[in-house]
Amino acid sequence: MLPDTMGLTFLAFCLPFLGALVAPALTRILGHNAAWPLALVPAAIFLHFLGFNAEVARGEIVTGGYAWVPSYNVSFSWLIDGLSLAFLLLISGIGTLIVLYAGGYLKGHPHQGRFFSFILMFMGAMLGLVASDSFLMLFVFWELTSITSFLLIGFDHAREAARRAALQALVVTGGGGLFLLAGLLLLWNVTDVTQLSLLMSFGAEVRASPFYLPLLFLILGGAFTKSAQFPFHFWLPNAMEAPTPVSAYLHSATMVKAGVYLLMRLNPVMGDTPAWETILPAFGGLTLIVGAVLAIRQSDLKLMLAYTTVASLGLLVMLTGFGSQHAVAAAALYLVAHSLFKGALFMVAGLIDHETGTRDITRLGGLRRAMPVTFLAALLASLSMAGLPPFFGFLAKEEIYAALAGGSLRAVAFTAAAVVGNGLMFAVAFAVALKPFLGAPVKTPKHAHEGPALLWIGPVLLAVKGLVIGLFSAAAHALLTSPLASAIAGKPQTVTISAVPHLGLALALSVVTIVFGIAVFLFIDKARAAANRLVEDIGWGPDRGFDQVMTGLVRAAAAITRLVQPGRMEIYMTATFAVIALALLVPPAVYGEWPRLPVWPADMPFHELAVMALAVLGIGAVLTARNRLTAIVALGIQGFCVALLFLLFGAPDLAFTQFMIETLSVVILALVMTRLKLTPRDHRPLREKIPDAVIAIACGLGFSLYLLKVTQGRFDTALTDFFNLYSKTIAHGANVVNVIIVDFRGTDTLGEIAVVMVTGLAILSIIRIRKGRA
Amino acid sequence: MTTLIFRTVAPFLTALMVLFSLFVLLRGHNEPGGGFIGGLIAVSAFAIYGIANGIAAVRRALWFHPMAISAFGLFIAAIAGLMSIFFAVPFMTGLWVYPVILGVEIPLSSVMLFDTGVYLVVVGAITSIALALEAEEDA
């Protein structure tokens, strides 16, 4: 790769974030027309990555990047093969249309600039995620998509439902991200590589590793939460609280596919094992059925589409894990087809909502005259979703059936799941695309008319693209789907399916699906009622479960807080000192490491003895003091004696500081004590004082033994020698203590004085609060 | 506490102690002393002045809010560390100059500036706590 291409690619990854920076200012100047210049950002990225198409179609893998933290083997590096490139093109291509669409959809919204900023940030995160080569980058961008998704879902933050949905999405996908992190760390541990491109050659090691199963569960924990697999599917429909451009972009075309991307990426490494080929299709198939049934139940256009997205993601996971060559090709085809038609249909739903004021399917009808262009887009997209020839969706579905159909019980079961799921999605596609437009016009909250070009340009282009790819399938396979399938399979693959129906089992299954779909569509009101009854009979769902878990978490946190933070000073003090005593006494007791009793020095000078006696007298004075103030002052006697001992043993700096500290602490303690409004004397009965005395003695004993033990250990003089030797020559100071504080360990001191200042501020504010209350 | 003798002596005592604290600060690099100890001595001085003449007098005498003094100390300590950036040496490297003023060579260093910062942080933080507590008592 040429160096300037590398720089340009790096720029392409940074460009969305730069766009996000200027978006608010640009929107303030240009209003909703800022969408036009801002759409240039993803358009330029799209064109840049289109340039890699030829290389990737030849089967080459483009890598590049920069060292980031070389000592930890962390780099900012990317890996562009068929899989990444398909995602990169989808993200930037659909992103261009979404930016334009958002320009029309949120026209006049006071926070439109912020919206552009968020969506460009998300785009940058998503581009980074699918192109990441290093594990760390993958994780960072993965979490960044969760965070930007949180911001976008909660964009309409004044509504409680939006806030709840945003939080739910963040908790589920962000929590899943932690699973992913653990999984990546484990992968790193098992293989000792931190880059996906290198990981590819370690497939056998990973599969044979004793940690394979934990690893699989961790990775699936990340992928299933992100891609809304059952039982984590509930956050995705709730995320429809977001403005429609977000639903079309994040929650159908791109972000929710990140989990699928991860599974596809790791398929060559972790796939081809019984666990992989059981868990993935099972959960995928279950998600497909659950999603499709729940979609039938809805009458809100966006929610219907959201649940079919859940179903489609299930289908993709099922295909990824199914483990045959055709399944991989089918996954590749369906991935691209789904992004195109689902993105278009979401934009259509938003367009209908925007122009008529409702998206309840039972209150819509006869819009074909008022909104002909929208009708065209809806029709084309839904024909692709329904899987009719010659649309792209048809290719995908044929390939799916070709992949699944087989003689074994497993194949029959999954084929049945696919037929039922696809049939229900067929019905939903027709319901979304036909019901609002056909029949007699129904009065809508707003007078219906065609939306502005900004709004219909996106869905029309995406829908037409679905038709074009279907018609020119050979070119599309060569450029897009074959490299994509090769990357998923980890070995070269060619996709050959075309839009010309060819007799066979797959076509027969397609016909069955279409008949079943039409039947459901004709009786969709009855089907909806039946699905509703089913869900009501079950009653409890993961969505409610989420609320229960969150409520439980808050309650548990409150209970623990009440337990450890009761707000009573004496409990804090008792707990602190009891823990200190235990920490000092338990380890030597457990390991039998008691210090030897020191020998009493024979020739102890009289003045040293006198100072020690004075210190002991001071303690006696504290214990026998009649009131608290006297006790505090008496404590000072002991402190001054210790300072004297320091002085006698040649530590003038220490002694000096000890004198000052003693003086000030007596003064401040006295001030605090008078503030606490305590009775002058301790009137508690003896049996309440005894536990305190025990803790105090245990602490004192613990510290004494600890100091004895330390001084009996071997003393390493390396540092002392160093400081003594270099204090004068390097730091120009004779006072070693001071030189250490201000020069050798200056950065420590800087941190310490910052702590001193912050502590001062904290104490000051506590005093202020008390004053305010009084 | 506010006897006539104490009130008369306190200003002189305070002035002497502050002077002594500066002396301790400056000699710190070669003799026992330094910013921490110097700061603590200065705080004691202000505490004495406060006990004798009330906190309003101390606040007037300090001119700045003690917390501002503390923050300024932290600021110059950080600056002392950052000065090394202009000489392409690592953060916190001690820099020395020896200007000759009136025929006397005076060693000046970023280390001394740093120690002055420590002194001011200690003085400001602890004085403000002590003053706040004393004010409570008055109220």
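Cβ coordinates come from backbone N, Cα and C, glycine included.
What TrEMBL lists as domain 'NADH-Ubiquinone oxidoreductase (complex I) chain 5 N-terminal' is A:70-116. TrEMBL lists A:86-106, A:113-130, A:136-155, A:167-191, A:373-392, A:412-434, A:454-480, A:571-592, A:604-623, A:630-649, A:655-678, A:690-708 (among others) with the feature transmembrane segment. Residues annotated as domain 'NADH:quinone oxidoreductase/Mrp antiporter transmembrane' in TrEMBL: A:132-413. If you look up TrEMBL, you'll see A:614-677 marked as domain 'MrpA C-terminal/MbhD'. Residues or ranges marked as domain 'MrpA C-terminal/MbhE' by TrEMBL: A:690-768.
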When counting Cβ pairs under 8 Å to the transmembrane segment (A:454-480), the leader among A:113-130, A:373-392, A:604-623:
A:373-392
Contact call for the transmembrane segment (A:412-434) against the transmembrane segment (A:571-592), three or more Cβ pairs under 8 Å:
no
Sequence-remote partners of the transmembrane segment (A:113-130) [C-beta within less than 8 Å, at least six residues beyond its ends]:
12-17, 19-21, 23-28, 34-35, 38, 41-42, 45, 83-84, 87-88, 91-92, 95, 98-99, 102, 106, 137-138, 140-142, 144-145, 147-149, 151-152, 155, 243, 245-246, 249-250, 254-255, 258, 261
Secondary structure tally of the domain 'NADH-Ubiquinone oxidoreductase (complex I) chain 5 N-terminal' (A:70-116) (DSSP, helix then strand then coil):
32 helix, 7 strand, 8 coil
The domain 'NADH-Ubiquinone oxidoreductase (complex I) chain 5 N-terminal' (A:70-116) [mean pLDDT, rounded to integer]
89
